[in-house]
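Pulled from TrEMBL, these are the features on record:
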type     : residues                                                       : note
ACT_SITE : His184                                                         : active site, proton donor
BINDING  : His184, Asn185, Ala186, Val187, His188, Asp225, Asp334, Gln385 : AMP binding site
BINDING  : His188, His224, Asp225, Asp334                                 : Zn(2+) 1 binding site
BINDING  : Asp225                                                         : Zn(2+) 2 binding site
COMPBIAS : 435-446                                                        : compositional bias 'Acidic residues'
DOMAIN   : 108-430                                                        : domain 'PDEase'
REGION   : 424-456                                                        : region 'Disordered'
Amino acid sequence: MEVCCQLPVLPLDRPVPQHVLSRRGAISFSSSSALFGCPNPRQLSQRRGAISYDSSDQTALYIRMLANSEIEVSVSARNVRRLLSFQRYLRSSRFFRGITVPNSSNILDDDYNGQAKCMLEKVGNWNFDIFLFDRLTNGNSLVSLTFHLFNLHGLIEHFQLDTMKLRRFLVMVQEDYHSQNPYHNAVHAADVTQAMHCYLKEPKLSESLTPWDVLLSLIAAATHDLDHPGVNQPFLIKTNHYLATLYKNTSVLENHHWRSAVGLLRESGLFAHMSLENRQLMESQIGDLILATDISQQNEYLSMFRSHLDRGDLCLEDANHRHFILQMALKCADICNPCRTWELSKQWSEKVTEEFFHQGDIEKKYHLGVSPLCDRQTETIANIQIGFMTYLVEPLFAEWARFSNTRLSQTMLGHLGLNKASWKGVQREQSGGGEDADPAFEEMDSDILPQEPRLS
Ligand SMILES: [Zn+2]
């Protein structure tokens, strides 16, 4: 908290993340709680903290949301209590109470059992089973894995990080993911972070990346879906969610993930020993990475990537080019599920579809119009996956393999092909043959893509 006092106020166009409010003020709420019942404007105005915040404007936003939203007035207060209880439950976990880590050479504390420790030795393997790792760490995969990677990459030593602050920062990050989301939860974040680590190890990157690049990449990967409400941007817009208003209906979720990450970085004081200039640069560059995961921008990033590869002009000694490649790497990490082994990939497919269908169920219940791919009566996992692979994953990973033509890239493309064939087999069984990829993906329109079909 003291760190915030040393920082300038946030510019007006950069809203304060809800964490900053909830951790300092009298009320704790998540964006999903706002989905089921609005935060109390009076309580919001009671929050306090070092970051300047125009409470009257924000309160007006909430009031407008209350006035306009069908959902907020329709759902019982019971749901609100349930969500708030959930947050309290999380905050009472033993991790949050604080576990000190004496030094970076002794990071494997009692929370790891032998098997989890063993798994971390192979954290760079593409077939790393994040689901198993999450079970072995009692649901603390994101904290355990990211802490380990910070140590493995020498970041703790290089940036002279306080390991207790690092642990607390990671615990806050993990706890700000919604574990009730079938897909967009801390395990997805851990999976993306593990994939990012695999990409950072690729020769072209490992030869050129600086510790600063690695630091930003891991933080961005771990926080890229922070506080995800489990519904997509079009849903937030059509329900007049305050985040949609706050971010003017543009990259609403990604902006929220980024600003939430900034809030936690400041609150943790993890980089309080760095210059203000460097901290601001870090916040801005993490934002560039997270915002790149907005699937509605996929075509722009992809054509830029393709142009660079066609011209052969990528120069990784250039910090801007490295930064661009890290954006592409994070995009790949975010939608790499279909490039994993069938056993892992299938589980992710089921989870993301469950989240889509849950959104569809809410939309049906409140007559909001069911979003594409979210109707459990008409959609199937196989159709959704085949469309996702065809229109989003294959084009991206084909370019990535041009950039980094390694064994890992070939492995990923191999799994992608096999998994697509498996889903086609399922599709044939279900339909009697002949169905193509889901046409909803063809339009590549942010308004039509469910739940960031980046699946993230
Ligand atoms: Zn994601």
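Cβ coordinates are placed from backbone N, Cα and C, and glycine is handled just like the others.
Structure with TrEMBL features highlighted.
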residue : record                    : DSSP (3 states)
His184  : active site, proton donor : coil
His224  : Zn(2+) 1 binding site     : coil
Asp334  : AMP binding site          : helix
Gln385  : AMP binding site          : helix
Discussion item. I need the most crowded of these binding-site residues: His188, His224. Count other C-beta atoms within 10 angstroms of each C-beta and give me the top one.
Written reply: His224
Response to the item:
When the binding-site residues Asp225, Asp334 are compared by other Cβ atoms within 10 Å, fewest goes to Asp334
Worksheet entry | Cα distance (Å, whole number) from His224 (Zn(2+) 1 binding site) to His188 (AMP binding site) | 10
Fill in: Rounded Cα separation (Å) that holds between Asp334 (AMP binding site) and His224 (Zn(2+) 1 binding site)
9
Item to complete: Quick one: of the binding-site residues Asn185, Val187, Gln385, flag those whose CB is under 6 Å from ligand 1, and say none if nothing qualifies.
Response: none
Response to the item:
When the binding-site residues Asn185, Gln385 are compared by other Cβ atoms within 10 Å, fewest goes to Asn185
Practice prompt. Among His224, Asp225, Gln385, these being the binding-site residues, pick the one whose CA is nearest to that of the residue listed as 'active site, proton donor'.
Written response: Asp225
Discussion item. Roughly how many Å lie between the Cα atoms of Ala186 (AMP binding site) and His224 (Zn(2+) 1 binding site), rounded to a whole value?
Written reply: 10
Worksheet item: Which number gives the other C-beta atoms within 10 angstroms of the C-beta of Ala186 (AMP binding site), all protein chains shown included?
Response: 24
Discussion item. Applying a 10 Å Cβ distance cut-off over all chains shown, what neighbour count does the residue listed as 'active site, proton donor' have?
Written reply: 27
Worksheet entry | Cβ-Cβ distance under 8 Å to Val187 (AMP binding site), same chain, at least six residues away | Ile130, Phe131, Asp134, Ser141, Leu142
